[in-house]
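> Here it is, the structure in full.
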Amino acid sequence: MAQHTVYFPDAFLTQMREAMPSTLSFDDFLAACQRPLRRSIRVNTLKISVADFLQLTAPYGWTLTPIPWCEEGFWIERDNEDALPLGSTAEHLSGLFYIQEASSMLPVAALFADDNAPQRVMDVAAAPGSKTTQIAARMNNEGAILANEFSASRVKVLHANISRCGISNVALTHFDGRVFGAAVPEMFDAILLDAPCSGEGVVRKDPDALKNWSPESNQEIAATQRELIDSAFHALRPGGTLVYSTCTLNQEENEAVCLWLKETYPDAVEFLPLGDLFPGANKALTEEGFLHVFPQIYDCEGFFVARLRKTQAIPALPAPKYKVGNFPFSPVKDREAGQIRQAAASVGLNWDGNLRLWQRDKELWLFPVGIEALIGKVRFSRLGIKLAETHNKGYRWQHEAVIALATPDNVNAFELTPQEAEEWYRGRDVYPQAAPVADDVLVTFQHQPIGLAKRIGSRLKNSYPRELVRDGKLFTGNA
């Protein structure tokens, strides 16, 4: 693999020499940083099993190497990356996999280690959505996830990835993560804080990542991280699990932040060792039981992961002064809910008791039941999935609901050819050789639901959302 020139400040190199265990070679560290990052993907098990995914992609000649800490994760090598970007493959467009850096799969593995089965989870800094979607898959779309993102521009990307992966149990918020300790005290079974950091571990992806690096900047970032972990710890219920992670390598933003929390709440913080998380985890293990992953250890990004348990309640923070405002949705009455459920089932949309129907004007939504306890405590950017809009003739079913709820064994499912599926993703109407009989058609490709179409004569009217429409070369190789 080709080398690339990474910018290293002298003070950074000095700091790394001091931080690196004697069992590791500093020359190996420098060499690893100069190598471009291996690409990796995670199979979305909400859509397809790992075995079926491997069978589906076998004809492509992809080399898939298992990632030891994530059984659905693989490093991927492809011969035709320039000819067809990974994000333009049919399997990516239909949500069968997520392009995710291998080391960033570690925090969720830690969160669910030792058969941990949380029902209400918060992802404090969630965009672009790799870890939120990984959490949802581990929860099998059950329970509820609060996915927060402070950056307004990234909330849209977060929602797009959640929708593409067919996730229904997520509520989105847009806050500074420091508000949650006061706003929702002791309400979560598990919390992931993948904290904003100096990004020292990402030089293999971005050779200029350290251009603005300084020890003073690290200190400022660490101060913010301490505030974030304190807030997250207050939002965690006693007995709950908190995973703290960064993609940086200095101890000030990593071990020191966790040790500060333990010093602040000595009777309430228990470090849970990660040495048994996967075979070979002990190579990155610190004396506290954290994983401090230097890039040469597993040939991935530099990363840090700590797992801790809240052993008892801690004094509450002052109640927030802000007003959340009126919640604009109301629950749908049982009789009407039954009619809606029946109509949805007729086009292949079904849901279980984890989701409940709510209404706002002519909009119908499905919210995860587990999030209802947070209503009135925080303001949501988006909650659950939009099921439909009502109109005089019935319901206008929404694309995100189709992707999350439809199953391909529906009587009205209609399998597209590769050329027809490509036309669908380009936002064009489809003219199949043999038109389906039903008026509402669940269109599938590779036996995966990709949308809902209206049959008009011999034409399938495209309903693919305009903001998702793709151009350029797609999976058939035609531009």
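Note: Cβ is positioned from N, Cα and C throughout, glycine not excepted.
Note that this is a predicted model, so its numbers are computed, not measured.
Positions annotated as active site, nucleophile by Swiss-Prot, on the basis of sequence analysis: Cys247. Residues annotated as S-adenosyl-L-methionine binding site in Swiss-Prot, with sequence analysis given as evidence: Ala125, Ala126, Ala127, Pro128, Gly129, Ser130, Lys131, Glu149, Asp176, Asp194.
Context for these features, please: burial, neighbours, distances.
In the three-state DSSP scheme, Cys247 (active site, nucleophile) is classed as coil.
Taking Cβ-Cβ distances under 8 Å and a sequence gap of 6 or more within the same chain, the neighbours of Ala127 (S-adenosyl-L-methionine binding site) are Glu149, Ser151, Arg154, Val155, Val157, Leu158.
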> Within 10 Å of its Cβ, which one of these recorded positions (Ala125, Cys247) has the largest number of other Cβ atoms?
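Going through Ala125, Cys247 one by one, the largest Cβ count within 10 Å is at Cys247.
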> For the S-adenosyl-L-methionine site made of Ala125, Ala126, Ala127, Pro128, Gly129, Ser130, Lys131, Glu149, Asp176, Asp194, how many Å separate the two farthest Cα atoms?
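Largest pairwise Cα separation, rounded: 20 Å.
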> Can you name the residues of this chain that are 6 or more positions from Lys131 (S-adenosyl-L-methionine binding site) yet have a C-beta less than 8 Å from its C-beta?
Ser104, Pro107, Val108, Asp123, Leu192, Asp194
> With an 8 Å cut-off on Cβ-Cβ distance and a minimum sequence separation of at least 6, pull the same-chain contacts of Gly129 (S-adenosyl-L-methionine binding site), or say none.
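Expected: Tyr98, Ala147, Val157, Leu158, Ala160, Asn161, Ile162, Cys165.
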> Tell me the Cα distance separating Ala125 (S-adenosyl-L-methionine binding site) from Cys247 (active site, nucleophile), rounded to the nearest angstrom.
13
